[in-house]
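K.L.:
Below you'll find the structure I mean.
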Amino acid sequence: MYLVESKGGAIACMLLALFFLGTWPAVLTLIERRGRLPQHTYLDYSITNLLAAVVIAFTFGEIGQSTPEKPNFLIQLAQDNWPSVLFAMAGGIVLSLGNLSTQYAWAFVGLSVTEVITASITVVIGTTVNYFLDGKINKAEILFPGVACFLIAACLGSAVHSSNASDNKAKLHNVSSDLKKGSMETNISALKETPNSDVGYKDLEEVNGSADKEKVGTAGFLIELENRRAIKVFGKHTSIGLGLTFFAGVCFSLFSPAFNLATNDQWHTLKEGVPHISVYTAFFYFSVSCFVLAIILNITFLYHPILNLPKSSLKAYAVDWEGRGWALLAGLLCGFGNGLQFMGGQAAGYAAADAVQALPLVSTFWGIIVFGEYRRSSRKTYVLLSSMLTMFIVAVAVLMASSGHRK
């Protein structure tokens, strides 16, 4: 099997994983904002997320000659390595719960702040645990200042959210200055009367067939988005989203240490003579458990939806092709992103691989470019946003500089 053994290769894996893991949340957010039910989206996403793990296992996991110390993927499937397999599957379960929670949290709290909060919790808990599980192979004098930079960036991210929320509230209180009353009523009425299948997959800036680029960031844009999106957030308390976000952050902080235990057996749970499972075997079992739980929960949510979403069915899901391609792409991005993170972590240490938790840097970029987040905000919001992005860049660089080398 192929193993990443150099520090440069590990860093390349982490950088690519950072891009993938920062992009797939933006894709799912785009689909939700266009009106597709999150249950339908997550079912599609789960299929290709598992497919990515299968592709990685049967390619990288089967390259080269198999040896007793480093058996290939198919050989390990028949070995008595169930303690490690269970750790990998436990990691997949908590990741699935975290991803599912964030899908709903994005609508309430926003893409950027959700990713910032979950990433900060992951770094504080997960990176610290991984540092000790890895036998302190990372440079503590560099690693923990990187964690501190991440926390500072997270605090700045919270400040950005608070400032932007105040800006949006001011816009909604001054609707007449952003959009003429008659025009707004016409557009909102049209959106309410038009099925999602007709308007949901046009550009968010497009209203009544014509593009009005100047409207992005105004009160009219916010109201039109609320009418179009699948998860309605007006009138609901943001504590719902924050609760989901903090729960997701705790889940995310546990999946990497669980995967670390699966591949390195620091607690010596394997029988004598049984080799450690490879990163590819662990990732396969990890993804299978993630897939099974996602299917069970989302089929349940089809018939018993949460947060006042409409009921659906497997038949309705099967014929809902709007946005399916985007959802399948998101699953591939997440699957390959996780796989690359684990490949880099096996070589350079999982604590350093947690640098990919700087994914809010990428998500915020997509949020600004695709969704027009922070458009027409105050100077205070722009200053805080610039500071947050700068600190995230520093955090990524410092955490990657702490990379060690597993012997």
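Numbers run from 1 along the shown chain.
Just so it is clear, glycine is given a Cβ too, placed from its N, Cα and C backbone atoms.
Pulled from TrEMBL, these are the listed features:
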TRANSMEM  6-30  transmembrane segment
TRANSMEM  42-61  transmembrane segment
TRANSMEM  81-98  transmembrane segment
TRANSMEM  105-130  transmembrane segment
TRANSMEM  142-161  transmembrane segment
TRANSMEM  238-262  transmembrane segment
TRANSMEM  282-304  transmembrane segment
TRANSMEM  325-344  transmembrane segment
TRANSMEM  350-370  transmembrane segment
TRANSMEM  382-401  transmembrane segment
K.L.:
Check the transmembrane segment (382-401) against each of 81-98, 105-130, 142-161, 238-262, 282-304 and return whichever range has the most CB pairs under 8 Å.
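P.N.:
Comparing 81-98, 105-130, 142-161, 238-262, 282-304 against the transmembrane segment (382-401), the winner is 142-161.
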K.L.:
Count the CB pairs under 8 A between the transmembrane segment (282-304) and each of 42-61, 105-130, 238-262, then give me the winner.
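P.N.:
Comparing 42-61, 105-130, 238-262: 42-61 has the most Cβ pairs near the transmembrane segment (282-304).
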K.L.:
What same-chain residues lie close to the transmembrane segment (42-61): Cβ under 8 Å, and 6 or more beyond its ends?
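P.N.:
Distal contacts: 1-2, 28, 72-74, 100, 103, 278, 280-281, 283-284, 286-288, 290-291, 294-295, 298-299, 317, 324, 327-332, 334-336, 338-339, 343.
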K.L.:
Are there residues at least six beyond either end of the transmembrane segment (81-98) with Cβ under 8 Å to its Cβ atoms? List them, or say none.
P.N.:
118, 247-252, 254-259, 261-263, 265, 269-270, 274-277, 281-283, 285-291, 293-294, 297, 338
